[in-house]
Amino acid sequence: MYASREDIGYDFGDDSKVGTKPVKPNPNIDGGWAWMIVFSSFLVHILIMGSQMALGILNMEWLEEFNQSRGLTAWVSSLSMGITLIVGPFIGLFIGMCGCRRTAIMGGMLNSLGWILSAYASDVHYLFLTFGVTAGIGSGMVYLPAVVMVGQYFQKRRALAQGLSTTGTGFGAFLMTALMKYLCIEFGWRNTMFIQGAISLNLCVCGALMRPLSPKDIVSEKHVLRSNSESNHAKALSHSAETIKSRGVLSEELEKKETANEEVLDTVQHIEIGSKSQSERSLYGLRILKTVSQMMVTVRKGFAIWYSSYFGAASLFTNRVFVAFIIWALFAYSSFVIPFIHLPEIVKQYNLPSQNNIFPLTSIIAIVHIFGKVILGIISDLPCISTWNVFLMANFTLVTCILTLPLMQTYVSLAVVCALIGFSSGYFSLMPVVTEDLVGTKHLANAYGIIICANGISALFGPPFAGWIYDITHKYDFSFYISGLLYMVGIIFLFIQPCIQKKQTREKPAEGAEV
C-alpha cells in the first residue's frame, strides 16, 4: 500500500488544501502516544549513547587483548561515537524515503550485527570496520529518528520532551557501565559483545513504537501555538524559517515527473481491475510492477526533499543563522568531551586521587547533566522565556567553566566547576528545539542531521587534537584554553548572526516605504 507521506512525516506542498479549514487538534500531539515516543527516545539514548559512554570498560580489555598503542585502540571508540553523528545527513535521506520507523528498525538490526561481529575480532583494525563503522552507522540510523519523532509529536512542550528523552544518556552511562563491567568479569569481553548485541535488538522495538503521524496531524509552522510575548529576536529566527519555506521544496520539473508516475500507477490499477479473468500468474506480475512503481515514487520524493534541502533553491545553507549554528556545532561537542578525558589526569597532577575516588568528578558532571537537561527544558517552555536566549546563556556558562577549570586546584573548586559544566551542558536537549525554530518541522530531519554531523566531527577530532596539544606543551591547561577559545568563536557566530538578520528584517519595511 502506498503510504509514503504518512511514513515520511512531511507535507509535500499541500497547504493550499488545508489552509482554509480549521485544523482539528490531534490528541496525540503533546499527549497520548506522544509520551510513548518520549519513552522510546529515552530507551534509544540509554542503549546508544549510554553504551558509547561505557566503552572505556571495553577499551581496557582491547588494550590487554591486542597489545596495541593507546592512541590506536582509542580510535575504535572515537569512530563509533563520531560516525553515529557524522552520518546524520545521509540518515536524513533514509528518513525521507522510508520514514522514521523503518529507518530505526533497520538501524537497530545493523547496530546489533556490528556488536556481534566484533566478538570475532582478531585485531584492532577488524574492530574499526565492525564496531566503529557498522555499529556506528546502525546507531546513527536509530538516533536521528528518535530525536525527529519527538519534535514531530510535541509543539507546546518540545523542550521538556526533548529534555526527558535525552536524560537517557546520563542514566545509560551509569547502567551500561555497571552492566559491561559485570559481564566482562563474568563472561569475558567477547561474550559481552554477544550479549550487548542481543540487548541492542531492543532498538528495533523502540523503532516500532515510532508510529508516524498522518500529514493532517503534522502541525505546520503557521499553526504552532506560540506566545504573543515572544521576543523580537525570536521573530528574526522565524523569518529565517519562512525564507526557506517560501522557496519551496520540489521544483516544477520534479512535480511533473511525480504526476507522470501517478498516472503510471493509475494505469496499472486499471489494468489490474480489467484483468481479473486472466491467469493468477499475470496478476502476480502486475502486482510486482505496481509495487516497484510505488517504491520508485517514494524514492523520488524522498530524494527530492533531501537534495533540495542541501543543494536546491530551498537549501538550508541559505539560512545564515543556521550556517552560524553549524559553525558553532563544529567546536561545541569537543569542549564537553575533553573534560571527561583529561579530568583524571588533572586530579592526579594535583594529588587529589583519594577524594576523587570517593566521588569522581566525571560522575558529578554526569549526574548534574541529567537535571540540567530537564530543568533547562522546563525553563525554555515557559511562555515568557525565549528558548534561544536560554540556549545562549547555557553556552556562555559552559565555555566560562571550560576556560576556568585549569585554574582550580582543590577538589571542592573542581567539583563546583564540574557541576556547572554538567548543568550548562544540558543545553543539548534544546538543540533539536532550536533547530526546529530555525528551519521548521518539515526540514528538521535534514537540518538536525547536519548539526549532529558537525558534532560528530568535533567528537572525532577534538580529543586527539587535545592529546596532540599535550604532547607539545606537556600541560593539560592549553587543551582547555584552546578548545574553550574555539568554542567561544562558535558562540560569537551564534550571537552576531541573528542580530544581523534582525537588522535586515527591520530595514526591508523601510525600503518598501521609500518606494
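The backbone N, Cα and C atoms fix where each Cβ goes, glycine too.
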Pick from 75-96, 295-316: which range does TrEMBL record as transmembrane segment? 75-96
Out of 97-117, 160-180, 202-222, let me know the one TrEMBL marks transmembrane segment. 160-180
Within the same chain, where does the transmembrane segment (321-343) have neighbours whose Cβ lies under 8 angstroms from its own Cβ atoms, ignoring anything closer than 6 residues to its ends? I mean 6 or more beyond. 85, 236-237, 240, 361-362, 365, 395, 398-399, 402, 405, 414, 418, 421, 425, 434-435, 438-439, 447, 450-452, 454-459, 461-463, 465-466, 470, 476, 479-480, 483-484, 486-487, 489-491, 493-494, 496-498, 501
Need one number: mean pLDDT over the domain 'Major facilitator superfamily (MFS) profile' (37-502). 77
At an 8 Å Cβ cut-off, counting only pairs 6 or more apart in sequence, do the transmembrane segment (160-180) and the transmembrane segment (388-408) clear the bar of 3 or more pairs? no
Residue numbers, six or more beyond the limits of the transmembrane segment (447-466), whose CB comes under 8 Å of its CB atoms: 71, 74, 78-79, 81-92, 143-144, 147-148, 151, 309, 316, 322, 325-326, 329-335, 337-338, 341-342, 431-432, 435, 438-439, 479, 482-483
Lying 6 or more residues past either end of the transmembrane segment (388-408) yet within Cβ distance under 8 Å of it, the residues of that chain are 231, 233-234, 237, 328, 332, 335-336, 338-339, 346, 372, 376, 379-380, 414, 416-418, 420-421, 423-427, 430-431, 434, 437, 476-477, 480-481, 483-485, 487-488, 491, 494-495, 498
